[in-house]
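In Swiss-Prot this protein carries:
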type	residues	note
TOPO_DOM	23-774	topological domain 'Extracellular'
DOMAIN	32-120	domain 'Ig-like C2-type 1'
CARBOHYD	35	N-linked glycosylation site
CARBOHYD	44	N-linked glycosylation site
CARBOHYD	66	N-linked glycosylation site
CARBOHYD	97	N-linked glycosylation site
CARBOHYD	161	N-linked glycosylation site
CARBOHYD	247	N-linked glycosylation site
CARBOHYD	272	N-linked glycosylation site
DOMAIN	335-426	domain 'Ig-like C2-type 4'
CARBOHYD	407	N-linked glycosylation site
CARBOHYD	501	N-linked glycosylation site
DOMAIN	556-667	domain 'Ig-like C2-type 6'
CARBOHYD	560	N-linked glycosylation site
CARBOHYD	631	N-linked glycosylation site
CARBOHYD	688	N-linked glycosylation site
TRANSMEM	775-795	transmembrane segment
TOPO_DOM	796-1357	topological domain 'Cytoplasmic'
BINDING	849, 850, 851, 852, 853, 854, 855, 856, 857, 877	ATP binding site
REGION	944-975	region 'Disordered'
MOD_RES	1065	phosphotyrosine
MOD_RES	1070	phosphotyrosine
MOD_RES	1186	phosphotyrosine
MOD_RES	1222	phosphotyrosine
REGION	1296-1357	region 'Disordered'
């Protein structure tokens, strides 16, 4: 019976297959056609729909009538005739729910649209029922993750604006045409993830202000797949009493529930994943990943016994799918460790093997701690090391070499019992013998006759010892006359002889030695006298095999053959073949053509002539020369050489005395003439103004073609900005200008002809045009002033600080790390090479400016780094040799930070960088010629005057009229100032007056010879301005001090910190605290105690910087020991007294910066406004105004390189000495115990304790150091302190009134108010500055002798 059923089943399968093939091969008729040609038609509700279908076979219809009871209204009638099948569908009184697809198809064939069926989509329009209702109240839409979903809310009216809504939660999903797509025939099509969270969705439309909703659709996300099931650990070992923890984890689809079942070895039964007994506990956990679920069940068995040993099985079931995972457990009675009994084992390997394994047979629980030793030296594994631990114990050595041989010892220690076991393995590395000289020696050794050379063979075979023996062969026994070049030729020379001292013509001595340390065998063969040619062979042998080296020993006298004019002459040249020999050894030189040897390249150097077939040459022009001296020369000229002259030539010489003939061979090869040809044609280029472009014209030809470039039929010559390289093959145009546009032609010519290629260069963008007509006048002025400039330069250098004090650098700041870590900040910052990259070949390094632990800063000259100049002095920061990758990344991060900060006048700005491979990383910043502010102030101590000195000159009528001209602005200033940001040079010019350079030099010569109070306030104001900019860029400096402020030309100060250029271990300003060195004198209390760096801690440092400025570079806290007591007193409220040259307003500003609470300190914006008012007042007393730059002005002028700001160095015209008038100028003294809020405070100053052993170092007084001589004199001169500038001035100009108004309404005031502010103005109160005011004024004399103490009445909160 079973056999019959099987046969019937097989027969049925065969019939089905044949029928299917018959259907495939059967003729398919033409598709049916409808009387309606449109794909979509529209009718109104209650209308009658009639569709006629014609075809070649029996027809049937499919309709959406199942949504309604349309049996009585839907009829299908046969209309066949004329040989075609015909069927008519009639639907009367159509309703909206019958909207859909009406398809006509062949009854006996599968439905294929356009082949066996045809359809039309009918909209039955009913504006009262715009949505096609489903039969039930709701429908379920099943979705799967990652698939498209169709929400089938069909409409009866095609052109409706339909919106999809989710109900839980309520949300509108608008149609965007990309993810959410509306199709009036299908509904909404969208990804499943868009509605996977929604419980219910529905469609909605509005018709004539009436809203209609479709039936609701329930969204059901289904899933059942279990991707994987893991049980960890798979192999567990424990001792009695320990705890077993097994974690069964399944990764599934979303919305999948898992039932976990556990099977134990000793119970042989399954328990569910939620059971809990005294020893067995399970816990479940669920974790949703981004596209799956992670379901886990953890089994915990307390106090395992020996009976718990066995297999544990975890079964996970989702209903439709099930997976099983298992793990094994071995329970031991107690910890142990056991190694194999063999104490010494030998492991052999071969050099060059991929790996060598030293396997350790052991059995232990728990896993022991393993240490490996090689020759009693501990092996430390590293990632890049070739040794690895396999499974934590076995040692694997990759890429075996001879150096790996040795004794390896493994030491295993039980982590619980501390029991220790060790075994030693000897690794022997065998290798085939290798003769080292074969790697570097030539095929032949040529020695002078009578010399005593030594032949050496050095061989090694790894751990296998090597023996070396020598053999020799006379040249008569080698049938190959030419010197051997390959092993195939050497195979013919097999008559080797053993060595003996009395055989052959070359007496010799043999010696062999072994180097025990390197396992190398060295054998030498000493030739006592080189007499005749011979072959020598050394053979190295060990148990792995052998190696040999053949030395072709050639004895020669002076012979040489050369070809002129070059070793590779060209067809058509006049060639000379020259043979040179020692005339004391050779004579009768003759040239021959060799006939029996062809195409031997290269030929041997010298062979016996009797082995060659020589043909005589007609030599009428052969000349013998050089008979004087020891050499004789035979020249054979070949005029106008042709290809027929190619071949092997021999110069025959005869040896004096023996008449033996030796031939020197040379294979003459000529290079055929070839017409010039351009290999790659030029292509048109479009470049931007100031970019560089390169045209490459690769040519070939013999002789080498000459290349000429032309532009618009004019020859291109190399010059400024135009570079020709590689014999004119490469044309480079630097800093392209508009006039560089044109047609460039490369023409290559030689004797055979010429060829050219052309390309058109188009230049886009506008360029900065320089008035060429001004070049000649400016050049004449510069030349005429050269001597005067040289004098000024010498004077400046005399008063410049030492080179050791020049610490020029860049900004070493940090980003505010509240948002993310510093490393992540730097990773996110980008470097735009197209904007900042500067070629290294246009950078000329000069003298070093600073040097630190791992970096250095050098002065350099950059060519073309700025548009307006061709040569700029810059500072370049670079790493020292041997810098690590982390130091490279640190410098690269600081480069990115500088780019992120941007440009500002009072910050050392970035100019470019060199980051490309092929050279060191270099960061290019501005160069500040006057060095750091601290050193500069110290150098100017003897040249300080609180007031401005003026050189009187007679004003002319035109100048007076210009000064009074009201058209020159509200400020009444007839000068305009331009400040070049990059070069730091400023110029004040009047229309029709002096030129840029003249005014600049006059200005510097008159104003830079001494310091004034206005200078000090200006420095402070500019630093505050720069810090305000840094604060706006969320940057914290952390080391704001005078040493990190650089002074450029025209009194422009720039904030910097050459971190790598300063070695903090050698700087006395940095005090060791733990493992770090910190500038404690400049640090705020919260930074010292809590390591908190904020912008307000920079404000504290700014206050200390003010103290440095107004003490002319003195070290803060003079005479105070910087230790824990200093930090404690600082926290208790003790502050420094006013410096010698500070006004009350300035000192009060310092105290405000030193307030205990960071939030009570002024911001840099407030400090800018306050110091700007003080600077304005000081400038007005000097007869002019100083207008601080605003942020808007700064940003605008950073685009254009000239800043429209009134320079603090302006000219004063008068017929008498400069007179300064003061209104209500109070005497300089301490503030009247007022803080920034006007609240009286009691502050303690640091008490100076003079000690016996004092040392003064550059004005710096540290622990155990007393006051300097200047400071002692200052105490006696305090009473003679000069009057101060008052910030509340009564000025007669309206700009002065504006300044006063600004001063009164400032958002931040110093807290000082003069008691004489309302006193009457004394017109006769004035001070005339004398010419001899260059000497330092007397320091103020204080009555309190530094004993006055001020303390806070209550500590700040």
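Note that Cβ sites are derived from N, Cα and C of the backbone, with glycine treated the same way.
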Key: Integer Å distance between the CA atoms belonging to residue 247 (N-linked glycosylation site) and residue 849 (ATP binding site)   = 64
Note = Smallest Cα-Cα separation from residue 688 (N-linked glycosylation site) among the recorded positions 407, 631, 851 is shown by 851
Query = Do you know the DSSP helix, strand and coil residue counts for the domain 'Ig-like C2-type 1' (32-120)?
reply = 6 helix, 44 strand, 39 coil
Message = Can you give me the Cα-Cα distance between residue 631 (N-linked glycosylation site) and residue 560 (N-linked glycosylation site) in Å, rounded to a whole number?
response = 10
Request  = Do me a favour and check the Cα-Cα span between residue 97 (N-linked glycosylation site) and residue 857 (ATP binding site); whole Å is fine.
outcome  = 85
Query = On the 0 to 100 scale, where does the mean pLDDT of the topological domain 'Cytoplasmic' (796-1357) fall?
reply = 63
Message = Long-range neighbours only, meaning 6 or more apart in sequence with Cβ under 8 Å: which ones does residue 161 (N-linked glycosylation site) have?
response = 205, 206
Task = Check the Cα-Cα distances from residue 247 (N-linked glycosylation site) to the recorded positions 35, 44, 560, 857 and tell me which is shortest.
result = 857
Pairwise Cα distance for residue 851 (ATP binding site)/residue 35 (N-linked glycosylation site) [Å, integer] = 95
Ask   = What count of other C-beta atoms do you get within 10 angstroms of the C-beta of residue 855 (ATP binding site), across all chains shown?
value = 23
Task = To the nearest whole angstrom, state the Cα distance for the pair residue 407 (N-linked glycosylation site) and residue 855 (ATP binding site).
result = 44
Message = On the three-state reduction of DSSP, what should I expect for residue 161 (N-linked glycosylation site)?
response = coil
Ask   = Between the glycosylation sites 35, 44, 560, which lies closest to residue 857 (ATP binding site), Cα to Cα?
value = 560
